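S.K.: The structure under discussion is supplied below as structure tokens; questions concerning it will follow.
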Amino acid sequence: MPLIDPVTMSATTKTTPAGTPPVKPSLPVELLPNDLARIISQAHPVVLLAGFYIRFPALVENPAATLLSSLLLVSLVQIGYVILCLPPTGQSIKPAKKVIGAKKTNDGTTPVARPLTAFFALIMSLASIPLLTALQILFGAPISTHLLHTILTSSHVALLVMFPLVYVHGADGKKWREIASFYSPMDEVFGGAVGCFLGAWLGAVPIPLDWDREWQKWPVTIVTGAYAGYMVGKMAGGWLVKGRRIELS
């Protein structure tokens, strides 16, 4: 899947009928314009990696209990990340309405806008858990013996992937069609999503191998691949390939 620059793609776009305004290509998500956002964005994958490394022995020993007990911590880390680093949905499209008596932050939002958006994004992302669970089952996850493990794995993926995506894009149908077709421009939010799904898929490779290792049991390698892929994709999307698109053809 080669990466192409959106600037070069502009020369090959289809012509629109007379009188129809051309569709503007979407832009990558930018961090909030302050030093704190940049620092936290860089520290965010380190915090996730450190937490996962500390909890890995417990994950191997008791996957379900460990995944369940770590949900709160991962939620807090992700909430802090989106509130302090990412623009809430709609901010880049139109300026926030002025509320009498409400102070504004440096990025133009009221102090309650980002926490409120994060709350609704968290609720909406949790609603994606059944869909993520169904996708895992379609790809071969055990349904009769480890359903709880699969649901908890989907919960972690929802926090890593769906929560930031919903926070920055909301219910923008055009943007979600781009995301579903893997044609959204790369940024650290979309890059993290692609990396997480790709890492989880690759994480299934060691499970059937005849190594007789404790960490090969479901879903240890899936969760490990999801977290590793998320961190690699987030950093790559935010730095190395930012603004580029994935060409599937």
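Note that Cβ sites are derived from N, Cα and C of the backbone, with glycine treated the same way.
Grabbed the feature section from TrEMBL, which reads as follows:
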{"type": "REGION", "residues": "1-22", "note": "region 'Disordered'"}
{"type": "COMPBIAS", "residues": "1-18", "note": "compositional bias 'Low complexity'"}
{"type": "TRANSMEM", "residues": "64-84", "note": "transmembrane segment"}
{"type": "TRANSMEM", "residues": "119-141", "note": "transmembrane segment"}
{"type": "TRANSMEM", "residues": "147-168", "note": "transmembrane segment"}
{"type": "TRANSMEM", "residues": "189-209", "note": "transmembrane segment"}
{"type": "TRANSMEM", "residues": "221-241", "note": "transmembrane segment"}
S.K.: Need a quick answer: max count of Cβ pairs under 8 Å to the transmembrane segment (147-168), which of 64-84, 119-141, 189-209, 221-241 is it?
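M.R.: Result: 119-141.
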S.K.: For the transmembrane segment (64-84), find every same-chain residue at least 6 residues outside the stretch whose CB is under 8 Å from a CB in it, and list them.
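M.R.: 32, 36-37, 40-41, 44, 47-48, 51, 55, 58, 114-115, 118, 121-122, 148-149, 152-153, 155-156, 159-160, 163-164, 167-168, 223.
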